[in-house]
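The annotation compositional bias 'Low complexity' is assigned in Swiss-Prot to 55-119, 130-159. Taken from Swiss-Prot, the feature compositional bias 'Basic and acidic residues' covers 120-129. What Swiss-Prot records for 286 is GPI-anchor amidated cysteine, and it gives sequence analysis as the kind of evidence. According to Swiss-Prot, the region 'Disordered' annotation covers 27-159. Residues or ranges marked as signal peptide by Swiss-Prot on the basis of sequence analysis: 1-19.
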């Protein structure tokens with residue numbers, strides 16, 4: 001916009017100068033023409049009309065000055081335009097330099113950050129290595145301490161195991177004695193019919209065959225039915241204990257009835273064996289179990305010392 005305004009001003013000045021020149025020329029021509037037509041009349045005024053050439057010279061000088069001034073102004077404008085053109089170039093150069101400096105700074109910052117990251121990684125790896133080495137040393141020391149204590153531990157452990165085994169055996173013996181004792185199963189008195197069946201020396205092996213052949217039931221058959229009924233009322237895991245306690249009660253009663261001279265004799269032993277042998281077939285006679293010694297912890301006891 002500045003350039004356009006300057007050009008318009010310059011054109012206006014040129015047009016004004018041209019107009020003044022044309023006006024001056026017309027005036028001069030008119031004066032000369034009048035002088036030619038009126039040479040005599042206006043002759044005395046020639047001296048008076050001499051100054052106009054000076055005026056014409058002044059006008060020419062002014063016109064030259066006016067013409068020079070626009071030229072100077074135009075030159076100044078061109079210089080100003082060149083300066084304005086140079087300024088954007090200078091600004092562009094400055095911007096490029098700033099941009100390059102920013103890139104250099106960013107590159108330096110990235111390099112610095114990368115170097116810091118490498119240093120941190122190196123420090124972390126070094127710390128981890130130190131921690132691992134410390135843990136390994138601690139483990140080695142702990143293992144050495146364990147190795148020193150290992151020779152003493154097996155002896156103590158073996159002694160503790162032996163004590164625990166002895167305690168377990170003692171507890172098992174106590175449990176077995178309580179199980180096989182007479183008072184362990186409180187419902188042994190419910191087997192009165194089985195008790196009477198064995199006292200009358202009824203054979204449980206023979207009874208199944210006699211049931212099909214005898215027309216009238218004998219006392220042993222009646223006791224058999226009642227004994228089986230009593231056994232079915234007892235829980236299965238307590239049947240053998242109840243039978244064993246019943247046999248012990250029978251043997252004690254016989255010992256009380258017999259004189260003490262026969263205690264420990266062969267006759268008493270045989271009677272006890274016969275009772276036990278008959279008692280072991282009571283479950284099979286009733287269809288409960290096949291053998292008295294099956295799952296019976298008390299059947300392995302020695303009956304040689306029953307008469308003490």
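Using N, Cα and C of the backbone, Cβ positions are placed for all residues, glycine too.
Other C-beta atoms found within 10 angstroms of the C-beta of residue 286 (GPI-anchor amidated cysteine) number 19, with every protein chain shown included. Residue 286 (GPI-anchor amidated cysteine) carries neither a helix nor a strand DSSP state and counts as coil.
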